[in-house]
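Engineer: Here's a structure for you.
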Amino acid sequence: MDRYDRASLFQSSSLVMVAVAALSLQSAGCALQTSQAMGGEKEAESAQDLKPLVTRVLTREEQEKLTPKEVLQSLKNGNQRFVNGTLTVRDHSSQIRKASLGQFPKAVILSCLDSRIPVEDVFDRGIGDIFVARVAGNFENTDILGSMEFGCKVAGAKLIVVLGHEQCGAIKAAIDDVELGNITAMLKNIRPAVKRVEKIDGDKSSKNDELVRKVTLENVRMTMENIRAKSDILRQMEQDDAINIVGAYYNMDTGVVTFFDH
Ligand SMILES: [Zn+2]
């Protein structure tokens, strides 16, 4: 059983959760050797307790006190737990009830549609913790920008993360100029990023892994630029330090999220 299987199993049932927590303990010694992030988060309790942990849903007052930097650190810590196979065990039915009166999430994550990226798990977040917008190729458009403005300006999120990933099918299709139904129009959103890095030496097709990686990173950077250029609200919030807009790259092999410039 690989760690992705285990991560998804955490969501299934309490019986499985206990078994999986035990497995996580057994495999802790061979977890990936990355620096242990210790953020002192309340929800970062160890799976060693082998009991369901009910992470609390944030109140408006708690959300308001958070800084963008603290939210970024909490996502980094959550990703560390995901990589180590020590995801927080949650009682989702309890969280559903507690979140039903309102939501005060910490961050907006713009992710690709890719099924191999369980965004909440990747950052070890539960119900009411984060807004997740998904579209193949994680680009912005009016609807995504409106959703981000709602998430930050109206609902109080402190961080926007544009999350690209390794081996992205949408990026590969844009590089190869795939034409198929509505996919053709969708890929036009990614083509400007392809054009920016086409000067790279070697094969200009998606078989060139280095080209795919560079276009993916450029697509994240371009999306961040477009968010600032097209949304007066979000640009102003960032200038006022009310939010941060950051880019990140998800490694399919390790589960590690690398944040740009952080
Ligand atoms: Zn993708």
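In case you wondered, yes, glycine gets a Cβ from its N, Cα and C as well.
Per TrEMBL, the feature Zn(2+) binding site maps to CYS112, ASP114, HIS165, CYS168.
Distances, neighbours, how buried they are, the whole picture for these features please.
Structural biologist: Long-range Cβ neighbours of ASP114 (Zn(2+) binding site) (same chain, at least 6 residues apart, Cβ-Cβ under 8 Å): ALA136, HIS165, CYS168, GLY169.
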Engineer: Of CYS112, CYS168, the binding-site residues given in the record, which has the fewest other CB atoms within 10 A of its CB?
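Structural biologist: The binding-site residues CYS112, CYS168 were compared, and CYS112 has the fewest Cβ atoms within 10 Å.
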Engineer: Apart from CYS112, ASP114, HIS165, CYS168, which residues in this chain have a Cβ no more than 8 Å from the mean position of the Cβ atoms of those residues at the Zn(2+) site?
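Structural biologist: In sequence order, the nearby non-listed residues are SER111, LEU113, ARG116, ILE117, ALA136, GLY137, ASN138, GLY164, GLU166, GLN167, GLY169, ALA170, ILE171, THR216, TYR250.
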